[in-house]
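Over in TrEMBL, the protein carries these features:
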{"type": "ACT_SITE", "residues": "ASP177", "note": "active site, nucleophile"}
{"type": "ACT_SITE", "residues": "TYR309", "note": "active site, proton donor"}
{"type": "ACT_SITE", "residues": "HIS366", "note": "active site, proton acceptor"}
{"type": "DOMAIN", "residues": "8-113", "note": "domain 'Epoxide hydrolase N-terminal'"}
Amino acid sequence: MSFNVPERINVKYDASQVQRMLSLLQAAPFPDRAPIDADTPWELGIEYEYLKKLKTTFQTQWSWDSLEKKIAKFENYIVHYESDGDILDLHYVHAKSPRADAIPLILLHGWPVVEPLTNPPSSSVPAFHVIVPSLPGYFLSTLPRRDGWGLVDTAKLFNGLMTSVLGYRQYVGQGGDWGSYILRILGSLFPESVLLMHFNMFRTPPATNSDPSTYTEIEKRVVARRQEFFATGRGYLEIQVTKHADKNSSQRPFTIGIAIASSPLAVLAYIGEKIYTWSDPERVETQDILDTVALYILSGSFATSVVIYNQGKERTEIVAGTEGKWALKNKFGFSAFPFEIGGAPKCDIVPYGPLVYYKEHSNGGHFPALDNPTEFVGDLREFFGEHWVRQ
């Protein structure tokens, strides 16, 4: 495993690139009305009027200059990586706190909260050096060419970034979505480096001895939400996952990747639906959706980003890994948000390792850094502040 010297970069797209994106959005055929009068909004996917509003706002109010300034607040880097024939460029943000006692934190699903984590309001509140890597295939991180790269490889890449490139011999991690799987791997393979872990998503199979009558109100909502998602919301995943023919699947992720990436309106509908339906609907900000969609389009990374669904082959055994190599060895915490699609009741999480922190919230969903940032940041400060001890 070898890394070159990181190169600091400015994330810039010129006016012609931005205008091309908006022109293609304008030119995309848009239906005069929804295809049918559905009984419930969002029954067929993204709701027609909501998509219409997103498209109009994107064309008339969204600004690349504003997003560029947000990104420029933080130091962005590219580091070249090679290992056993694997070659890729890894993009990451490295936001160092001015505090000498700051805790190194790899943040795997929530960059909008970098500022309050690095610069807390007082010296009595924990501060963090925050590292936010882009997953291989996402944004400015390239995909390795090897067929077979997986989540374990990504975890090893990220641990190398933290320890070899940045010199953080010991650090903590926070994970949601794919970041939750990667953090579980990091905690299992590198317990001497990853001393503490915090999750807002933690996939588990239902515990056979779980008694729903003992669930809290939030746990009941979390379980109902998970069941609803598995019944009605997993179609995208099945399309984006490739299994071998002997496992009865013929879907191919790059096909859907190219199809969606070919149209800004398609990316807007696809990503807009996910952010809205996976979030607390009272707290979804249009600006967050448009900024996310713009970065997919301008970086040209949508088609490569879906390949992780093919590469995430280890997730099934990780979900079942209460024992053996995927059991968590160090202390970890979990924050329950009621609109999370991959949550679990506390009793289902306990068998995976030393769960020492568990907190429930009445608002927020799959992206708590967006729809409940204050309480999300508060949990990280509380958990890591109490349990961080450099060894």
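The backbone N, Cα and C atoms fix where each Cβ goes, and this holds for glycine too.
Bear in mind that TrEMBL entries carry predicted annotations, made automatically and left uncurated.
Between the CA atoms of TYR309 (active site, proton donor) and HIS366 (active site, proton acceptor) there is a gap of 18 Å, rounded to the nearest whole number. Cβ environment of ASP177 (active site, nucleophile): HIS109, MET201, GLY342, HIS366 lie under 8 Å away, each six or more residues apart in the same chain.
Between the candidate active-site residues, TYR309, HIS366, the densest Cβ environment within 10 Å is the one around HIS366. Taken residue by residue with DSSP, TYR309 (active site, proton donor) is part of a helix.
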